[in-house]
Amino acid sequence: MSEVNGTASEKKPAVIFVLGGPGSGKGTQCAYIVEHFGYTHLSAGDLLRAEIKSGSENGTMIQNMIKEGKIVPSEVTIKLLQKAIQENGNDKFLIDGFPRNEENRAAFEKVTGIEPKFVLFFDCPEEEMERRLLGRNQGREDDNIETIRKRFKVFLESSLPVIQYYEAKGKVRKIHAAKPIEDVFQEVKAVFSPEAEKDKRSI
């Protein structure tokens, strides 16, 4: 899709990064935000899986990288996110599970020219996330204790610098995610409601 040089395309979409360790409840809360506040939920992982399924050349390349345990280049994920944003009629997006690291973050802002409105960070103690992941047992082969702990470690090492970067800019909204789903959503709602009011006023 080429850039249109009209005023309509000048308005950048509102993007919110949703970060949290595996089992922090991000997916559940994103579904609620979509329902209550009209955002479109984009999951970097889902987009990559869909691309693999499509059988495109790009998809095959992604699949081979994942098989070899390599990290898919930022540009590839960002291009998929950008395409999804451009093809969607909405102007408010939750981007879930991305940026995974500092390099992702810098590349996203550089490629898209979009800086997130804020980062929604689901802060959950490791033992609680572990309990949830082992309890949900959705037949995901990566839900065993060693793999889970490895995923926590990767999350901490790579995602925390991203959170710290945005924290320095006053852009992190931390949610205490160890509580029951409804209580967590009350906290989420408190973050989004002032935003929702502002959007209404600016229409």
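Note: Cβ is positioned from N, Cα and C throughout, glycine not excepted.
Curation does not apply to TrEMBL; its annotations are automatic.
Listed in TrEMBL for this protein:
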type    : residues                                                                : note
BINDING : Gly23, Ser24, Gly25, Lys26, Gly27, Thr28, Arg136, Lys179                : ATP binding site
BINDING : Arg49, Lys70, Ile71, Val72, Gly97, Phe98, Pro99, Arg100, Arg140, Arg151 : ribonucleoside 5'-phosphate binding site
BINDING : Asn104                                                                  : CMP binding site
Site extent for ATP (largest Cα pair distance over Gly23, Ser24, Gly25, Lys26, Gly27, Thr28, Arg136, Lys179, Å): 16
Close in space, distant in sequence - Gly23 (ATP binding site), Cβ under 8 Å, 6 or more apart: Cys124, Glu128, Met129, Glu130, Arg132, Leu133, Arg136, Ile148
Distance [Cα-Cα, Å, rounded] between Ser24 (ATP binding site) and Gly97 (ribonucleoside 5'-phosphate binding site): 11
Spatial neighbours of Lys26 (ATP binding site), counting only the binding-site residues Arg49, Ile71, Gly97, Pro99, Asn104 and Cα distances within 10 Å: Gly97
Integer Å distance between the CA atoms belonging to Asn104 (CMP binding site) and Gly25 (ATP binding site): 22
Number of Cβ atoms other than its own within 10 Å, given for Ile71 (ribonucleoside 5'-phosphate binding site): 14
Cα-nearest neighbour of Gly27 (ATP binding site) within the listed binding-site residues, Ile71, Gly97, Pro99, Asn104: Gly97
Least buried by Cβ count (within 10 Å) of the binding-site residues Lys26, Arg49, Arg136, Lys179: Arg136
Closest of Thr28, Ile71, Lys179 to the residue listed as 'CMP binding site', Cα positions, binding-site residues only: Ile71
Rounded distance in angstrom between the Cα atoms of Thr28 (ATP binding site) and Ile71 (ribonucleoside 5'-phosphate binding site): 25
Whole-number Å value for how far Lys179 (ATP binding site) lies from Gly97 (ribonucleoside 5'-phosphate binding site) (Cα to Cα): 20
Rounded to the nearest Å - Cα separation of Ile71 (ribonucleoside 5'-phosphate binding site) and Lys179 (ATP binding site): 32
Intrachain C-beta neighbours of Pro99 (ribonucleoside 5'-phosphate binding site), sequence separation six or more, cut-off 8 angstroms: Phe17, Ser74, Arg105, Ala107, Phe108, Ser159, Val162
Fewest other Cβ within 10 angstroms of its own Cβ, chosen from the binding-site residues Ser24, Thr28: Thr28
